[in-house]
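Chemist: My questions all concern the structure below.
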Amino acid sequence: MMNGMVECSVCRSKLVSPGSKTISRAYDEHKIRVTSKQRVLNVLLVVGDCMLVGLQPVLVYMSKVDGKFNFSPISVNFLTEIAKVIFAIVMLLLQARHQKVGEKPLLSVSTFVQAARNNVLLAVPALLYAINNYLKFTMQLYFNPATVKMLSNLKVLVIAVLLKMVMKRRFSIIQWEALALLLIGISVNQLRSLPEGATAIGIPLATGAYICTVIFVTVPSMASVFNEYALKSQYDTSIYLQNLFLYGYGAIFNFLGILGTVIYKGPGSFDILQGHSRATMFLILNNAAQGILSSFFFKYADTILKKYSSTVATIFTGIASAALFGHVITMNFLLGISIVFISMHQFFSPLAKVKDEQQQNGGLELSKAKDTHRANDSFINMAAGANEEASHRGESDDRTPLLPR
């Protein structure tokens, strides 16, 4: 790629490379033309995400024995990636069987190689996700499940900044205020929530928690933005084929983590099934379903919507944590959730849209009105012409002399 141009490997023709502004503009136009089916899909994505994300910290907490993990968290992440790879392969085979005549075959070697080249950027979010999935287990050593879920909501602000920088996404002042309100809600929930004492790593718990929180917020935010950019930049590629590359990269990185653990701890730690229980099996399935659902969010919806839907999962996590483990739901938690919901309503309110987007909406409605007006004018002109022609014919008939019989 040179000077913003990319050369086709087949016909050698030069095309304009899809930059961040192009992807952002295409997304804005797609968002304006959202159909009822797309809205239903968004609702289903949010509901499914709330259930899976809300259940994840609970399953992690249930997997601990005496406050520790008897299994390697990297092994859970590796098995999760393997499960997602199997799902992507199965769905790709089903999609290939239902292809129409004349479409480029999905299972051909040329298609696979070309897609692998075009989607090599997916290796970046795959590496970041591998790091983040390990951090999820580390965070459980510092906070209870509901608090972990609230801390993860800090990612929204970081994601918004990255979307503006990387994908040139535009946000209105009201939307930035909604994000600030979201941080206030999270802060209210976190008042007096940090436990006291020291950790096994030898530093004060508050300091270790703050360090993990910064990494826990930054790494997955970068992964989400790069993932959305990579998926949307190759929008015509099958999502199952893109998922196959993404999960394949993830499996490779987690396997390298297992090898590193073996070198550090010895060959005995190579058993990836050691210490697993029924809870960890459910955790693996939950993580796999959550990752698959996230890919649909990033390609067909929006990263901000994905993170806001995760805030709704906090309610489920808090209630489940209180019911299963006896964690107390405090007034701070209830107030924080209320502020989060207000922030969500404010961010997605029609009044919070960017002016350019409102003008585009208005332009579409104006163009539709003009088309309707032109159609009406043409119909009136046709009717008037028909009447005029009929009147001329009537006059000509009156002026024609009667022929003798």
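Any Cβ shown, glycine's included, is placed from N, Cα and C.
The model shown is predicted, which means the values in this text are computed figures rather than measured ones.
So TrEMBL lists the following for this protein:
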type     : residues : note
COMPBIAS : 389-405  : compositional bias 'Basic and acidic residues'
REGION   : 385-405  : region 'Disordered'
TRANSMEM : 40-62    : transmembrane segment
TRANSMEM : 74-94    : transmembrane segment
TRANSMEM : 173-191  : transmembrane segment
TRANSMEM : 197-223  : transmembrane segment
TRANSMEM : 244-264  : transmembrane segment
TRANSMEM : 279-298  : transmembrane segment
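Are these features on the surface or tucked inside, and what touches them?
Modeler: Only residues 6 or more beyond the boundaries of the transmembrane segment (74-94), in the same chain, are considered here, and those with a CB under 8 A from a CB of the stretch are 106-107, 130, 133-134, 137, 238, 240-241, 243-244, 247-248, 250-251, 254-255, 257-258, 261, 272-274, 276, 280, 283-285, 287-288, 291-292.
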Chemist: Find the member of 173-191, 244-264, 279-298 that has more C-beta pairs under 8 Å to the transmembrane segment (40-62) than any other listed stretch.
Modeler: 279-298
Chemist: Other than its close neighbours in sequence, what residues sit by the transmembrane segment (279-298), given a CB gap under 8 Å and a spacing of at least six beyond its ends?
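Modeler: Tertiary neighbours of the transmembrane segment (279-298) are 41, 45, 48-49, 52-53, 55-56, 59-60, 62-63, 71, 76-77, 79-80, 83-84, 87, 129, 133, 224, 227-228, 231-232, 239, 242-243, 246-247, 305-306.
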